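Participant: I grabbed these lines from Swiss-Prot:
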| type | residues | note |
| --- | --- | --- |
| BINDING | 12, 62, 441, 442 | Mn(2+) 2 binding site |
| ACT_SITE | 62 | active site, phosphoserine intermediate |
| BINDING | 123, 153, 154, 185, 191, 260, 261, 262, 263, 333 | substrate binding site |
| BINDING | 400, 404, 460 | Mn(2+) 1 binding site |
């Protein structure tokens, strides 16, 4: 009997907002999405804050969104867990963090704190850096240096000076700590194996080579003078009397305070891994601690907050029922539909096929807002002809990745591209008598300007996301409002399966 696939289509960064100004989703011509939204059962889902296990009012993000969708339950995020540990004091007893601190006390060496200097809460949080500085102060560490990666994506594009001033004020207040380097996240947090970028960040932190400035603020000013916003600040070494204030050396300790793994892996490998071939470098003999587990295979790295074991995810449960599934996305979101969707497990489930389409090699995605959506679509249509899959999880990266550029016209084009692909895929699935659930993991493209100052906005939003059910059998079916964790139970109901008890989400079908 021919398969009737149940598909989840995640339009990354496609939120819902009534505001028209700066709304690329509203401005785009999207006849297919509009047709489905207006003629099929639909609702809105919470994709930020408490709805996805983040602090109240915290914008959602792709990692968190896919974790919640795949788990079928609200997954309390690293941001929330670490913040709570600081508040209740457990943070200061953490074994891995104390190991790093004790190493510098024993060797009279230096403690380096590196990570994204941002209150954005997507990859890191400034308060966690303050917690580490507090720990170092409590333990009488004498030499502490910060290697600040600058954001400009999850916060306004030119806001770094505010966060630098905040952390410098804090360090002055406690009498400990100094910024040693600054690097835009474009260089220090690449995730696409562009080692030539990471090498510049590495050279600044380890070799003391790169752009030079007398202070972090002056480094940012120089970058703004060259029309480079925070994300693109060239790795810069802070110098005093012509010498770097600090570099990472043998016997030092490094704590990487980013909690989100995907953009933290490459620079970790460059500094800490024994077997590394991204670029030529000498391996350091250091104590390296990561805030969370970036990759289970990393050797010589200690983890402060280990992974939560999430069992019976949607993928695992469907696999155990003997059904076939496909995960498909382009490079930028491949980890999201695989690793994050599976609850932080790298290994595919039994009968889980994966299709990875390369993202285009462009400096920024406004230069190619179509990204690889057409190639993803072609591959998916080909796979659907195989009559193999019971469940398909698909991600279109465009509304998010192009939304991050802050360029409205490009984001509009991104949404239009995805809509065109959406039409082809839904037509195909309906011909197979399958069903499609259309949703997003968080908002982005629906707000491309900061309403407080009229400037471009590159960050995610706290807006709800759509949830649309398209099938040949939608009569009398209605959908309740809910959260991302309710998607998996809804899909299981559509597949005629009971949800496992671990899934605390509820089916959205009334």
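Placement of Cβ uses the backbone N, Cα and C atoms for every residue, glycine included.
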Participant: Report the same-chain neighbours of residue 154 (substrate binding site): residues 6+ apart in sequence with Cβ closer than 8 Å to its Cβ, ordered by sequence.
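Facilitator: Same-chain residues close to residue 154 (substrate binding site) (Cβ under 8 Å, separated by 6 or more) are 59, 61, 118, 120, 121, 122, 123, 458, 459, 460.
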Participant: Taking the Cβ of residue 261 (substrate binding site) as the reference point, list residues of the same chain whose Cβ is under 8 angstroms away and which are at least six residues distant in sequence.
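Facilitator: Looking at Cβ-Cβ distances below 8 Å from residue 261 (substrate binding site), excluding near sequence neighbours, one finds 63, 292, 293, 294, 295.
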Participant: Tell me the Cβ neighbour count for residue 460 (Mn(2+) 1 binding site), meaning other Cβ atoms within 10 Å of its Cβ, over all protein chains shown.
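Facilitator: There are 31 of them.
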Participant: Spatially, which candidate from the binding-site residues 12, 62, 263, 442 is nearest to residue 400 (Mn(2+) 1 binding site), comparing Cα atoms?
Facilitator: 12
Participant: What does the structure give for the C-alpha distance between residue 191 (substrate binding site) and residue 404 (Mn(2+) 1 binding site)? Integer Å is fine.
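Facilitator: So the alpha carbons of residue 191 (substrate binding site) and residue 404 (Mn(2+) 1 binding site) sit roughly 15 Å from each other.
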Participant: To which of the binding-site residues 263, 442 does the lowest count of other Cβ atoms within 10 Å belong?
Facilitator: 263
Participant: Can you grab the distance from residue 441 (Mn(2+) 2 binding site) over to residue 263 (substrate binding site)? Cα atoms, rounded to a whole Å.
Facilitator: 18
Participant: Centre the Cβ atoms of 12, 62, 441, 442, go out 8 Å, and tell me which other residues of that chain have a Cβ in range of the Mn(2+) 2 site.
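Facilitator: Close Cβ neighbours, site residues excluded: 10, 13, 47, 60, 61, 65, 66, 333, 336, 400, 440, 444, 460.
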Participant: Rank the binding-site residues 123, 191, 404 by the number of other Cβ atoms within 10 Å of each Cβ, and give the residue at the low end.
Facilitator: 191
